[in-house]
Structures are given as C-alpha cells and as structure tokens.
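Under the heading active site, proton acceptor, TrEMBL lists 189. The ATP binding site annotation in TrEMBL covers 77, 96, 145, 146, 147, 193, 194, 207. What TrEMBL lists as compositional bias 'Basic and acidic residues' is 43-57. What TrEMBL lists as SUMO2 cross-link is 191. Taken from TrEMBL, the feature domain 'Protein kinase' covers 67-274. Per TrEMBL, region 'Disordered' is recorded for 18-57.
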C-alpha cells in the first residue's frame, strides 16, 4: 500500500490493516519514538518525557528499509522531501533526502551537521520535530514531523491575513522563539518559507540551517533572507537573539499587509530602507 493512499490525520493512518485497530477502519498510531531512538544526535539535557528504550532497541539504527516512501511534496537545492510511513508503527513522517555530493560541492557540511544537532534537541509544539537521521553512501536522510498544511507562504500567497489569524500565528512563533532562546538557540532565518502549518493549523518553525547555538558570544555572520535582516546584520555588527525578534516584527507586518515592510526592486534599496 502506498503512503499517498492514506487519509493522514494527525499522523494517524485510516487505511485497512491488521494491526493497531481501534475501530472499523481506524487505527491508533503510536509516536515514532516509542520503540526507536528519538535521534542519533547526543543530548546533554535530561528529558523527563522521553520514553524508556529497551536495551535491544538502543542498538537499532534507522535505514531506508524502515520506511514506505510516498509522493515527493517538496524540492530544495540539495534534495527532495517525501511523504513516508514507518513500517512498524505506521507513523507518517516527512523524509528529507539530501545529496552528499551537492552538500560537499557547496561546502556546507558543517551547516548541515549543526542543523541536525540543534533541531534534534528541540522539543516544542511550535517547532517542527526531527525524530532522527541516517545516511548511506550517497544521501543523508532526515526524519521530520509531517506538517499537513504545508508552508505558511503558500497560505498567504496573493493575500493577507485578518488580524485574528495573524495574531494566532504571531503568538505561536513568539512561543517557539522564547523556547529557542531559553535553549540558547538563535534561528536567524525566520520567514514564511521556513514556517509550516500543522494538522490543527498551528505554526511550526522549520529549517534550522542558519541557526546557531550561542550560549554567550555575539555572532558576526551575515545570514538569512534580505527582507528579514536586522539593521545590525546589514551593518556587519555583532548580533544576538534580538535578530529573531526583529524578524518576528517583519513577519507580523507582512501577515497583516501582504508585503514585507522594506521590500524594494533592488537589494541595495532594501538595505537602505532597513
């Protein structure tokens, strides 16, 4: 059975099966982490809500054979994202496939490693969950939470949101950023393309490619998307968590108006406005 044939609601598969049955045609799907390591990255934090793992489970590693692949629903510079279903739990996930050759050619190995290490450690309802990762000779596979309603920018395409809807999304993003900053993480690339919408239309931060764990020092790297860059980044000055707050304000404006506040035809004009 193909994953795309499922009617996936909150990662619960309603397709016919012989297990996990809770009623006619309905199945209770356990979280993907119940009997597998949650993430291959090590964490120094004590997680009180992390399920106990049996000794034999700890020796298991993810592989492509653990999943049924469905349709691709996202494409990026370094690979594609597929709908997938873990065979044991029947849990539906998004499987992000990155090509090692393209990552090496672009010299972003460290950036990918940092993205995985940071996102694996974060546990918040408004942050897209990374359950784990694995790799083979040619590819890296990231096991991600499936956000049913896609990216925020697709919802707002050619229109603006009413105040109530915008307030809900800003609230969700604010909660997620407060949590990130409490964990000493700066996202540094908040924009509609990196914000996904879950089953209940809750906002989730995704794509931690430009994020950094910064316990104390201020950062110098110019990164992010032009319309959302803060003044200190434009000026090449050290920056901290405040850059995420600036991006939050820009997003709030864009949700209500339909366009970012400093948009211009040329990049240098946008820089000057900021």
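Just so you know, glycine gets a Cβ as well, placed from its N, Cα and C.
Automatic prediction, not curation, is the source of TrEMBL annotations.
Structure coloured by features recorded in TrEMBL.
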residue: 77; record: ATP binding site; DSSP class: coil
residue: 96; record: ATP binding site; DSSP class: strand
residue: 145; record: ATP binding site; DSSP class: strand
residue: 189; record: active site, proton acceptor; DSSP class: coil
residue: 194; record: ATP binding site; DSSP class: helix
residue: 207; record: ATP binding site; DSSP class: coil
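Shown in sequence order, 93, 94, 128, 129, 130, 131, 198, 204 are the residues of the chain, 6+ apart in sequence, with a C-beta less than 8 angstroms from the C-beta of residue 145 (ATP binding site).
In sequence order, 102, 106 constitute the residues six or more apart from residue 77 (ATP binding site) in its chain with CB-CB distances below 8 Å. Listed in sequence order, the binding-site residues from 96, 146, 147, 207 having a Cα within 10 Å of the Cα of the residue listed as 'active site, proton acceptor' are 207. For residue 147 (ATP binding site), other Cβ atoms within 10 Å of its Cβ number 20. Rounded to the nearest whole angstrom, the C-alpha distance between residue 207 (ATP binding site) and the residue listed as 'SUMO2 cross-link' is 10. In this structure, the recorded positions under consideration are 189, 193, 207, and the one with the smallest number of other Cβ atoms within 10 Å of its Cβ is 193. The binding residues for ATP are recorded as 77, 96, 145, 146, 147, 193, 194, 207; their greatest pairwise CA distance is 20 Å. Around residue 96 (ATP binding site), the same-chain residues six or more apart in sequence whose CB sits under 8 Å from its CB are 74, 79, 80, 81, 141, 142, 144, listed in sequence order.
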